[in-house]
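Peer 1: Got a structure for you, questions after.
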């Protein structure tokens with residue numbers, strides 16, 4: 001019904017799509033021939049926010065913490081203890097804590113950009129940026145495993161399941177290799193990218209759709225505000241997703257590292 | 001809001017350059033973004049590694065040590081207090097024993113003193129009684145002696161007067177008196193049973 005009346009109005013609603021995430025055509029500025037787009041600036045801004053917060057919190061760290069230091073310690077300690085120590089184990093976790101802390105808060109801030117007014121774009125809905133972090137994760141956990149077990153030992157650890165009769169090896173070894181070595185970076189990247197992409201798409205759809213309906217008038221005066229209410233609800237859902245995706249990405253990193261460090265199981 | 005503007009910009013742009021700028025595949029690989037992500041992340045990782053993590057870890061370690069040190073100090077103090085309490089209790093029980101011992105001694109001494117005093121008093125009393133007895137005896141003896149002499153002189157005088165015979169001779173006089181007294185005593189002894 002809407003379709004018919006809308007078509008009749010002649011003012012076509014342009015649904016948000018991949019175009020909404022394409023900033024190549026609208027660079028913010030040019031830097032020596034390189035078109036600097038909004039997500040790139042966000043990436044830098046996110047890193048800056050994370051560093052400034054932690055540096056300010058840790059700069060004059062004292063035995064009895066002040067407010068800022070307490071907040072910094074709580075944030076750092078959450079990743080350090082509940083992700084790093086609990087997953088990797090108290091023997092090896094300490095040297096991975098900076099990596100896990102960095103990745104969690106870098107992702108958290110960049111994801112949160114989707115909900116921060118005047119920015120309102122999740123940096124990692126740009127797939128290439130998610131690819132980069134996933135690729136780095138892949139390099140790190142494999143390097144950690146190879147460093148500990150040697151190349152052959154590591155391949156054996158990741159590919160040959162224990163407690164299975166050797167008759168099953170021809171079937172299981174390629175599968176394990178596939179899932180542990182090849183698929184992991186892809187799932188890491190796509191999980192992050194797709195969540196951010198879809199969430200942002202939904203938000204655009206409901207807010208621009210609501211605007212369109214109200215401008216259209218008639219039944220749109222009821223449906224438009226309803227769409228905006230839904231947009232607000234989805235915004236809250238997105239806040240949860242933003243945190244969750246940062247957490248899951250970091251947690252999986254810790255689990256992959258822990259798996260690579262594991263003794264023969 | 002800005003997003004909406006950006007969105008409309010983008011759409012206008014794509015509409016305007018129809019055919020010129022094909023909408024990119026959202027999964028497509030953009031080398032600039034890939035490299036930039038790695039660089040920015042690497043830089044942030046380095047900064048966190050270098051300036052943040054060591055300070056927090058150091059603070060955590062110091063705090064743990066401070067708390068453990070405090071606990072250790074408290075334990076030492078507690079142990080000291082316990083030792084002191086035990087020592088005081090021991091001293092107290094020693095003092096109690098000492099007091100009991102002294103009391104016991106005093107009681108024994110007291111009893112001994114009382115016994116000695118009693119003994120002394122008894123001795124003294126018996127001595128006094130003895131002394132009195134001997135004095136009485138001596139006085140009696142004296143009385144007997146003087147009585148005998150007097151009675152002798154009186155009897156002799158009386159007898160001399162009666163007999164007319166002088167009994168001046170000492171030896172005879174004494175013999176006569178003795179005999180008389182012996183007779184008297186014999187008589188006295190025979191009648192004493194009825195008299196007394």
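Placement of Cβ uses the backbone N, Cα and C atoms for every residue, glycine included.
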Peer 1: I'm validating the feature mapping. Which of A:2-20, A:21-39, A:40-58 is tagged transmembrane segment in TrEMBL?
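Peer 2: Of the candidate stretches, TrEMBL labels A:40-58 as transmembrane segment.
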Peer 1: For the transmembrane segment (A:96-116), find every same-chain residue at least 6 residues outside the stretch whose CB is under 8 Å from a CB in it, and list them.
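Peer 2: Counting only partners 6 or more residues beyond its ends, the transmembrane segment (A:96-116) has Cβ contacts under 8 Å with 42-43, 45-47, 49-50, 53-54, 75-76, 79-80, 83-84, 88, 122-125, 133, 137, 140, 192, 196, 199-200, 203, 235, 238-239, 241-243, 245-247, 249-250, 253-254, 257.
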Peer 1: Report, as numbers and ranges, which residues of the same chain sit near the transmembrane segment (A:40-58): CB under 8 Å and 6 or more residues beyond its ends.
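Peer 2: Result: 28, 68-69, 71-73, 75-76, 101-102, 105-106, 109-110, 113, 119, 121, 123, 129.
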